[in-house]
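Visitor: Taken from TrEMBL, the feature domain 'Cadherin' applies to 85-168, 169-285, 385-492, 494-604, 605-706, 706-810, 811-913.
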Amino acid sequence: MLSFLTGIRREMFDPDIRKMRWSFGLVTVVILLADVRAQLPCSMASTITITFDEGNVTANQVLSSTSPYQASLPVTGTLLGFSVITLTMNSVNPSAPNPNSIFRIEDVGSGTRIRLITSVDRDGAGFTTADDTDNISFQLKCTASAFITAFATVNVNIRDVNDNSPQFNNAPYFLSVEELTPVGTTVYRQISAMDKDSGLAATIDYTLPAGDGSVIDGSRKFSFTSTRVPNLIISQSLDFEPMYALGQTTYVMTVMATDLGTPPLSSVTQVNVTITDSDDMAPAFVYANCLLSGIYCVDPRYSTSVISGQITNPLTIYPLVGFTRQTATTIRAVDRDTLRSPLTFQIAGTNLKYEERAIVSVEIDLLNNSPPTVTTATGVNTGYIYENSHLGQNVLDRTTSSAKPLQLIVTDPDDSISGQRTTFNFSATGTGLFNVDSNGYIYLASGNLDYETTKSATINVRVTETNTGERRSTNVTVTILVLDMNDNDPVFTSTGAVHVSVPEGDYTLSLRLFAQVNAADADSGNNSLLTYSIMTIEPAVPSGFFTINISTGMVSLSGRVTYPSDYVVVVKASDSALPPDTIRSATKNLYVNITSTGSSAPQIPSTLYTVTISEGTVSGTSIFTVPARDPDGQVLSYSITTGNAAGKFSIDSSGQIITVGSLDREVTPTYGLTVTVRDTTTPLPLSATTTVSVILTDINDNNPVFPSQYQFNVLENQPAGTSVGTVTATDADQPGTVNSDLTYRLNLANSFFFINLTTGQITTLQMLDYEFQSHYIFEVLAVDLASDSRTGTVSITVFVTDVQDSVPLFTQQIFTANVAEGNDNAFVVSVSAVDADAVDNIQYRFLSPATATTFNINSTSGQINTAIALDYETQRCCELFVTTVDGQGSTNPLSTATVRVTVLLDSMTLGIFN
């Protein structure tokens, strides 16, 4: 037998030489060296780094080998007879997410991979990195056998995907700019956006997309400082008047924010820039029939006559159309912008032939003879508003669906003469509830408007000119009618619950009226018209058992009622508002107690109660109280009448069931206790019964048990992984729980055997040799999975069955013998060999068949005799070569033996010589 006293390391030799050769006499041993470390199961780095894309993934989604949601797991597989590796994922700390809810490890044929099974959002809910999930770490445990376990830290980097559009802050945006603000001025710096992604996907460019090219298209007038800095600057000069002429003085622009991710994502919002008027327009004269540009006169001319001397009277002024005087008028001019700046007139006088120039300061007053005229679109100074309207709600001009806000329309007869636009101020008196805005709209200014307290209001509105010298005004009275909303629930007149008593009896044929409910509603019309109904009845009763009159609220009973019993009737009062989805209602609980007409038995609400307790409950523990009561107020007594044969429970005078002694679920998992309750009625007490079902829950109080010791037989020389046998243990604790689910392992790991932790199957780890060791004894443990696990042990004996694989070896290589000539069948010598196999079945034979003509050999005993008489004169000595049947062809020198035979003269011949 060849043995190594020290281990052999492949690295001790040339890495390109994987073979060593030793020669021992006639035997050459060739040993192939393999790099064991490369094949060991569970070989892996201590830290494994993997990268996944964030995204929406489901557990059943099929992933290709190129999917960004899966990656190869660099862990080696099995080695020879070891079981397939088992990989488990565990959180690195209690606060970390459970990796098994995020990842799954799969066998893909060519190896092992890890994949996402649920959606992962790297970006979090906010725009900061505080709630981003860039990395998920967990511990990977690899188990290949009872004695091979490895651990690694797996860091999964979550790669950002551009899945978030930029979001504007505080959008949309509003600002005002004067029309004379210079080009290039930065007018707004508050535009900004944020993106939850990272890197380029969070870098944002800002643009102002082109608009429709209209007068109010601001994209031509404004631009940004740069695509990264969205400060709004004026890029073209502004002009208030063309926009004002169209009734729109606000530029509306779209701002687009686009990230630099792949593909890029965008979002838009609006910027509203209101242009305000500046003093950039000269005043213009106006009179009838002049040459107009818009509403203003072109090259206006006036004519007057002055008599030489001092001017003591006002001049008569005639406007000219061409050279023709028109009707005398007052010189009138207007400011062409909206600022209404004061005007100063300068007069220059000339003579057609001779001229003398003088400057006369003349103040021209606008004509203002009439006060404002006030009316409404409907022509009636009456408005409507619903109660409970919010502050700022406009008063409406009618009650129909086509109603519009009531507006006081003001005109000034002087405007048609002067061409001036008169402005007005509104003020309201008479109530503090309403006011009028600058456009003549009446709105709710204060208070909580309630139809039930205020059905109408009258306000006096004064309309006053604001841009004339006279400040003429007009007063108008407006009546506002408050419209009822169904804003009040019905209210029952009685407070709290209603309790009524009804004697037990049969009211099937004689309707029993026993209660009436009344409610009121503060609203008006249909909103206050009430009807009554029954919503629910507890406990449930047949239809028509309790009824209520929908108009009067009278509640009646039709059926048989017995004592003791109670009913809860929930009554509802509803108004008749339209549409039906605006109906309001209220409920009232009506408690109906059925009273006794004589002696009554004890009452137990239910015929069955279920109580669940642990089998480890200590003696003397109260587990349940039977909820019995006596309608007549008599003292009750309690007893357990059946189901307590083992005496494990007792019941006291209050109905408490108490444990007595220890409980064992494995002996009795449930108890059905019949509890009888009796009152003190004489001569025969009245009683009631109920069943209390006590269910015992399991505790881990039983060790796993093997049926007996095991003995197995296995042939020697079988390959690693050969099944030896299977052991099975049982656990008396509750099946299908961690208390009874078992795993198996060797008490002390060895290099010869392996046990499957789930099935208990024992297999070999290497080839066994009977001649090296004929049997093995070791212990197997069965361990349950409870946190307070319990263990069972069994002794295993494995007998190695011998196979005829050993060559018999002779006890000596040379035997000598002396044989006298002339005797056939003479004893020569007995050869002997030994066999290492368990069964000695040595059969001797000559190496050369020719020898058998001269000598015989007993195949069993090894005794050699002559087959013929030897002749000293012919052959004085000879050599015989002996082997065994199993030793034929063996290269072991001891598998053959040499017998040297010397032939002796017989005694007669020897005497002649002498």
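Glycine is no exception: its Cβ is also placed from the backbone N, Cα and C atoms.
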Visitor: Is it possible to list how many residues within the domain 'Cadherin' (85-168) are helical, extended or coil according to DSSP?
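Guide: Secondary-structure composition of the domain 'Cadherin' (85-168): 3 helix, 42 strand, 39 coil.
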Visitor: Just give the helix, strand and coil counts over the domain 'Cadherin' (706-810), going by DSSP.
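Guide: Counts, helix then strand then coil: 0 helix, 46 strand, 59 coil.
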Visitor: Out of 85-168, 169-285, 385-492, which stretch touches the domain 'Cadherin' (706-810) the most, going by CB pairs under 8 Å?
Guide: 85-168
Visitor: Counting by DSSP secondary structure, give me helix, strand and coil numbers for the domain 'Cadherin' (494-604).
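Guide: Taking each residue of the domain 'Cadherin' (494-604) in turn, the totals are 7 helix, 54 strand, 50 coil.
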Visitor: Please list the DSSP helix, strand and coil residue counts for the domain 'Cadherin' (169-285).
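Guide: Taking the domain 'Cadherin' (169-285) as a whole: 13 helix, 45 strand, 59 coil.
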Visitor: I'd like the per-state residue tally for the domain 'Cadherin' (811-913) from DSSP, helix first, then strand, then coil.
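Guide: For that range the per-state counts are 15 helix, 40 strand, 48 coil.
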Visitor: As a test of reading the model: what is the averaged pLDDT for the domain 'Cadherin' (85-168)?
Guide: 85
Visitor: When the domain 'Cadherin' (385-492) is classified with DSSP, how many of its residues are helical, how many are strand and how many are coil?
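Guide: Per DSSP, the residues of the domain 'Cadherin' (385-492) fall into 6 helix, 45 strand, 57 coil.
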